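I have placed the structure first, in the form of structure tokens, so that the comments after it can refer back to it.
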Amino acid sequence: MSLAELGLRVALVVVAFLTLPLVVGQAEHKVMAHMQGRLGPMYAGGFHGWAQLLADGVKFAQKEDLIPRGADGPVFRLAPAVALLPYLVVLLVIPLGPGDLVAQPLDAGLFFALAVLGVGVVSLLMAAWASANKYSLLGGLRGAAQLLGYELPLVLSAASVAMAAGTLSLPGIVAAWRPWWLLWQLPALLVFFTAALAEIRRPPFDMPIADSELVFGYLTEYTGLRFALFLLAEYVGIVVVAALTTVLFLGGWKGPFADASLGWLWTLLKVFAVSFAVIWLRVATPRLREDQLQRLCWQALVPVALGQLVLTAAVVTAT
Amino acid sequence: MTSADWLLAALGTVAVAAGHRVVATDRLVRAGLHLVLCLGAVAGMYLVLTAEFLAWVQVLIYVGAVVVLLLFAVMLTRAPVGAAADLDRPGWTAPLVGGAAGLGLAALLVDAYRWTAVAPAAPGTPEALGAAVFRSWVLPFEVVSVLLLAALVGAIVVSRPGGRR
């Protein structure tokens, strides 16, 4: 791979990193507005409120950049960057289409993605502690407990697919995928999607933020652009989670027809479909209480993921 | 020196400097954050040495889980945002012991190899590592897992309320 090609690939990933989350953010505005009969997001700019996202951006850029007097400044300022970086790096290994349509094919791509995603929790703890605010700290503690717990079913269910495909490379997993895996790996798919939703702290797993009890959790003290960066991290998180679900469980670039030529389109379609489900769940489900959240993880997801591992191993050794 | 050597030296410097900050800073949580940097730099060194899988394991286990658990525990118990005045830290014995141990080990290592060139090992791919663990070293692997299980059971017994007092 020449240096110019490498630069082009990285540039394309950065472009995807900057545009896809905005598309998801705009979709969230509109989908929520339709589902909840909200009038606000349908107003700005005239037709269908197309300018709402722009207005939000302008609003964030105008707000004053506040750092509480008691806060630990450097850590406080660094936290949003640490929240964004893992997602940007993970986008490097996600294959868009067959052949060479992946920024950086890695042998252990799946493992790399899971390892890097795990770093995100550090940013949460940094934001929570550096804010010097009791609500922030409470939100951070809830978040750390949640993320540590849900990482286990996430990794176990991903391991099931890796076992079925016999490889840790993400393009390799898609290449090995067959439509009947949808049924065979269905429990793993549900566990992975639920755990990933908890990993990015989206409702119904938004206990760490819980705006009706903790002000805004670990984001309480953040304003303006830094807050916008955390929001951006949330939307990139949706894209990354949807992309990983697509690649691992939904067959990535494989579709009913024209796999080779239109593969990238299938991938994007599936990513947006999963993102839509994530937004839908936010509108349709109430927030889980802390004990319900931990019980769901340890008493439902982990046993199901372990059972799926046994099933996968049995089928792989039998065939 | 090749570019790999330079990278290794740079990452090593980062790791040592961050490690020094871990023990020298008087802010508890910042010590944990420096530990993240230190362990991340070590993962980078593994990467330069082509032990790719080991590097990701280092990031997943140490950065993503162990340090986070450590920070979590510190925040649960006590974590002043400013400097903690009541940290007890031996003034001059620690640098002495640490420096002597580090220099001694380095001298031993240099003396063991002198100027003999060592052929680089095969890249640490998941496949190679899996074959090594589950073919040649399967017994130690299983023994270690029994040890971990015993530790887990022990932790549950110790922490269970209403147990033997």
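Every residue, even glycine, has its Cβ placed from backbone N, Cα and C.
As recorded in TrEMBL:
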- A:6-25: transmembrane segment (TRANSMEM)
- A:75-96: transmembrane segment (TRANSMEM)
- A:108-131: transmembrane segment (TRANSMEM)
- A:152-174: transmembrane segment (TRANSMEM)
- A:180-198: transmembrane segment (TRANSMEM)
- A:227-251: transmembrane segment (TRANSMEM)
- A:263-284: transmembrane segment (TRANSMEM)
- A:296-318: transmembrane segment (TRANSMEM)
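The transmembrane segment (A:75-96) shares more Cβ pairs under 8 Å with A:227-251 than with any other stretch in the list A:6-25, A:227-251, A:296-318. The stretch with the most CB contacts under 8 Å to the transmembrane segment (A:227-251), chosen from A:6-25, A:108-131, A:152-174, A:296-318, is A:6-25. Listed by sequence, the residues of this chain that lie at least six past the ends of the transmembrane segment (A:152-174) yet keep a Cβ under 8 A from its Cβ atoms are 93-95, 98, 102, 105-111, 113-114, 181, 184-185, 187-189, 191-192, 194-196, 199, 244, 247-249, 251-254, 297, 301-302, 304-306, 308-309, 312-313, 315-316.
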